[in-house]
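Visitor: Let me begin by handing over the structure; questions about it come next.
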Amino acid sequence: MLPLVALVGRPNVGKSTIFNALTRTRDALVHDQPGVTRDRNYGVCRLDEDNHFLVVDTGGIAEEEEGLAGATTRQARAAAAEADLILFVVDARDGSSAMDDEILAWLRKLSRPTLLLINKIDGTDEDSVRSEFARYGFSEMLTVSAAHRQGLDDLLEEVVQRLPEEGSGEELDNDPNRIRIAFVGRPNVGKSTLVNRILGEERMIASDVPGTTRDSIAVDLERDGREYRLIDTAGLRRRSRVDEVVEKFSVVKTMQSIEQCQVAVLMLDATEGVTDQDATVLGAVLDAGRALVIAINKWDGLTEYQREQAETMLSLRLGFVPWAESVRISAKHGSGLRELFRAVHRAHESANKTFTTSEVNKALEVAYETNPPPTIRGHVSKLRYVHPAGANPPTFIVHGTRLKELQESYKRYLENFFRKRFKLIGTPVSFIFREGTNPYEGKKNVLTERQVKAKRRLMKHVKGK
């Protein structure tokens with residue numbers, strides 16, 4: 001499982017700003033009013049191909065035990081108890097407070113690895129600030145100004161050193177021959193019912209009450225001579241609808257499962273169409289770059305007219321992922337399961353396909369000759385060569401000149417061309433564009449004294465004419 005880092009501290013110390021800086025997003029609402037982050041935000045910090053970890057932005061811990069503030073406090077404590085590393089955030093401008101002392105007291109009871117992070121260090125005397133917080137007894141204190149991105153590189157370096165290679169949760173699977181499939185979707189869409197139908201026995205608790213599955217549950221399966229690990233995840237729902245502390249933390253488990261799976265099966269309810277919650281789940285799968293199969297559940301309960309309407313709606317709402325196969329199923333009655341597994345196999349094989357440098361360069365050459373990049377302000381981007389850079393998803397690095405000016409429409413053309421040429425079905429395709437460095441960029445051509453004299457003689461000759 002991905003390691004988990006929790007940001008914990010009293011209200012308005014800058015946890016959400018740090019979260020946005022680490023995850024390179026604006027997902028956490030940032031405001032000067034204390035207590036703006038009432039729920040937990042979850043994101044993935046991707047430093048490079050090998051270093052990923054989950055970040056949890058908790059609401060500020062307040063003194064109240066009742067009402068919204070009390071619920072926020074319980075959420076923060078739940079996040080801290082599950083974390084592989086806690087970043088205890090304090091405010092350099094306000095200094096230490098009685099509430100900081102109380103938070104530190106229960107953090108020590110948790111016995112989780114904890115790092116003191118002093119935020120808003122800009123405009124303060126850093127030595128004085130460090131002296132004030134020295135009484136907390138941390139062997140090392142990190143100072144940052146998240147709003148100005150000051151000290152973040154040192155923070156990331158320290159976090160990576162302190163995190164385990166794998167999170168404290170159960171490892172999903174390391175068997176390369178076993179396909180890891182995560183069934184994801186909003187609550188009560190039929191994920192547990194589908195897994196139970198595949199297994200042929202009721203291993204998951206399935207009911208009509210949304211949110212019955214509170215954690216991600218993994219079950220091994222052998223079917224038609226192939227091995228699988230099926231992961232039934234808790235449903236991802238709108239934050240305003242997530243009320244219980246236990247259920248809130250299940251979102252972390254779901255995101256970890258998506259990051260660790262090889263193929264994500266997104267389940268939709270044919271009777272309700274594609275909702276905003278479905279789009280949120282789909283976004284999490286796309287952010288992780290996982291192979292995708294869309295399972296349209298409860299298809300058997302639709303009339304012919306309703307099916308036509310549903311097909312039109314699906315083509316409109318899912319038009320931005322035309323590469324993902326969609327399968328019509330009934331989790332309750334088991335129809336469509338064989339085609340679902342075939343789609344999973346195609347997506348898995350495409351996502352993990354290997355390529356030679358020669359074949360991808362031939363593809364780039366044909367794509368370039370068939371449809372060269374358009375001229376932008378009198379200049380044309382040139383694609384020199386390409387090489388494969390990884391799988392799940394298939395990734396290609398394209399080298400050339402003026403690639404920063406390459407239009408998004410042309411990048412989509414390359415993606416579609418490679419997808420069609422190599423028959424890549426059910427998987428995202430990633431392109432990374434790199435320009436060669438110009439050794440003379442930013443340098444001014446300084447003339448020698450002899451060149452200056454020659455230039456003067458030439459100018460006199462021109463003027464004389």
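Every residue, even glycine, has its Cβ placed from backbone N, Cα and C.
So Swiss-Prot lists these for the protein:
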DOMAIN    3-167  domain 'EngA-type G 1'
BINDING   9-16, 57-61, 119-122  GTP 1 binding site
DOMAIN    179-352  domain 'EngA-type G 2'
BINDING   185-192, 232-236, 297-300  GTP 2 binding site
DOMAIN    353-437  domain 'KH-like'
Visitor: For the domain 'KH-like' (353-437), what are the DSSP-based totals of helix, strand and coil residues?
Guide: 31 helix, 26 strand, 28 coil
Visitor: What three-state secondary structure does DSSP assign to W299 (GTP 2 binding site)?
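Guide: Looking at the DSSP assignment, W299 (GTP 2 binding site) belongs to a helix.
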Visitor: Looking at the binding-site residues K191, T233, W299, which has the shortest Cα distance to G9 (GTP 1 binding site)?
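Guide: For G9 (GTP 1 binding site), the spatially nearest of the binding-site residues is T233.
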Visitor: Counting Cβ atoms within 10 Å across all protein chains shown, which of the binding-site residues T58, N188 comes out on top?
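Guide: Output for this query is T58.
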Visitor: Which residues of the same chain, at least 6 positions away in sequence, have a Cβ lying under 8 Å from the Cβ of W299 (GTP 2 binding site)?
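Guide: Counting only residues 6 or more apart in sequence, the Cβ neighbours of W299 (GTP 2 binding site) under 8 Å are A270, R307, R328, I329, S330, S335, G336.
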Visitor: Fewest neighbouring Cβ atoms within 10 Å: which of the binding-site residues N12, T233?
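Guide: Least crowded of the binding-site residues N12, T233, by Cβ count within 10 Å, is N12.
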Visitor: K15 (GTP 1 binding site) to K191 (GTP 2 binding site): how many Å between their Cα atoms?
Guide: 34
Visitor: Which whole number is the mean pLDDT over the domain 'EngA-type G 1' (3-167)?
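Guide: Mean pLDDT for the domain 'EngA-type G 1' (3-167): 78.
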Visitor: Relative to the Cα of G185 (GTP 2 binding site), which of the binding-site residues N12, T58, I121 has the closest Cα?
Guide: T58
